[in-house]
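What follows is one structure encoded as structure tokens, with my remarks underneath.
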Amino acid sequence: MPNASSWSASSPLLLLWEDSSGTRIFLSLLYAVLAISGTLSNVMVIYLVFSFKKLQTTSNAFIVNGCAADLSVCALWMPQEAVLGLLPPNSSSLRSAEYRLLRGGLLGLGLTVSLASHLLVAFNRYVLITKLPSVYQALYQRRHTGCMIGLSWALALLPVPLLPGLWTLGSAQSDGSSRYTALLLALAVLGQTALLLHCYLGIVRRVRGSAKRVSVLNFHLLHQLPFPAAPPPPRRAQRRLSSVSVLLLCCVFLLGTQPLVWVSLLGFFLRPAPPALQAASWLLLCSLSALNPLLYTWRSEEFRRAARSVLPRGEGPAAA
């Protein structure tokens, strides 16, 4: 296996190039599985929200925004990586700078908007639970919600004309500018993670302190929180299950994002991480694009009921 610098300099995105054909085939199959499952789950969530009026809430608008961004990764980027992983390492497709930049743009756009959508959902739920209903209604008017969604895409598109190499991750660690790009990426994800944890831990503190306040909020959004569905358990059990659900969501998010953060920081301040560790950290981050739809809907009775109505042997749209 080549050393880290030469390996990174000649590899395509996500460090797919390997001397071992078995490893490349395994990674290609993994990309294919993530692409198929992620595309189906994201399309399903988008379809359900647009088809069922009960699901058309502000929180779900941010979730759909994240699903649309995740489709950029699962439906457009991952299939290309799966195919390119089966090509010889000296293939012209792997060495084309323009094509690598295009793939990098798809990956960067999808991941940036997806991470922003995570934060928008967390902040939406935080305001819903911890603030007065009048504050929530004033902040999340339809126009404001549309501006927040548009801003997430604008911020993701902003670096494209200014920093065309920002997401050309195949050359990471090969020069000084790439090292600073990796540092910028790590700091951005760290800041987003800190804000997300602040929101969800604030929800946990409020729920544990007053289950009664949560139960009296008459909002459809409440169904989108990772809380146990009806019939409600006793108050103490409800607080415990709600806290566990929120903490589980946070743990999955941290597992997907933090390895890349610390690998990037390690490469900037000390020395580049081993290629296998770099690849694993990126795979974990990209796998979130396939897991996000389940992450936000698995505890929602409304989503489960809507899914049963469209799947074979379901209840039917009228009953749902």
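Quick reminder: no glycine exception, Cβ is built from N, Cα and C everywhere.
Positions annotated as domain 'G-protein coupled receptors family 1 profile' by TrEMBL: 41-296. When averaged over the domain 'G-protein coupled receptors family 1 profile' (41-296), pLDDT in the model lands at 77.
TrEMBL lists 25-50 (among others) with the feature transmembrane segment. Within the same chain, residues 16, 18, 56, 60-61, 63-64, 67-68, 70-71, 73-75, 78-79, 81-83, 85-86, 279, 283, 286-287, 289-294, 296-297, 303, 306-307, 310 sit at least 6 positions outside the transmembrane segment (25-50) and bring their C-beta atoms closer than 8 Å to a C-beta of that stretch.
Within its own chain, the transmembrane segment (62-80) is flanked in space by residues 31-32, 34-35, 38-39, 42-43, 45-46, 49-50, 103, 106-107, 109-114, 117-118, 120-121, 124, 145, 148-149, 152, 156, 224, 286, 288-290, 292-293, 296-297, which lie at least six positions past its ends and keep a Cβ under 8 Å from the stretch. Feature annotation from TrEMBL assigns transmembrane segment to 62-80 (among others).
The feature transmembrane segment is assigned by TrEMBL to 100-123 (among others).
According to TrEMBL, the feature transmembrane segment maps to 144-162 (among others).
Summarising the annotation, TrEMBL assigns transmembrane segment to 182-203 (among others). The list of residues near the transmembrane segment (182-203) in space but at least 6 beyond its ends in sequence, with Cβ under 8 angstroms from a Cβ of it, reads 115-116, 118-119, 122-123, 125-126, 129-130, 172-173, 225, 246-247, 249-250, 253-254, 257-258, 260-262, 264-265, 267-268.
Annotation source TrEMBL lists transmembrane segment at 244-270 (among others).
As annotated by TrEMBL, transmembrane segment applies to 276-298 (among others).
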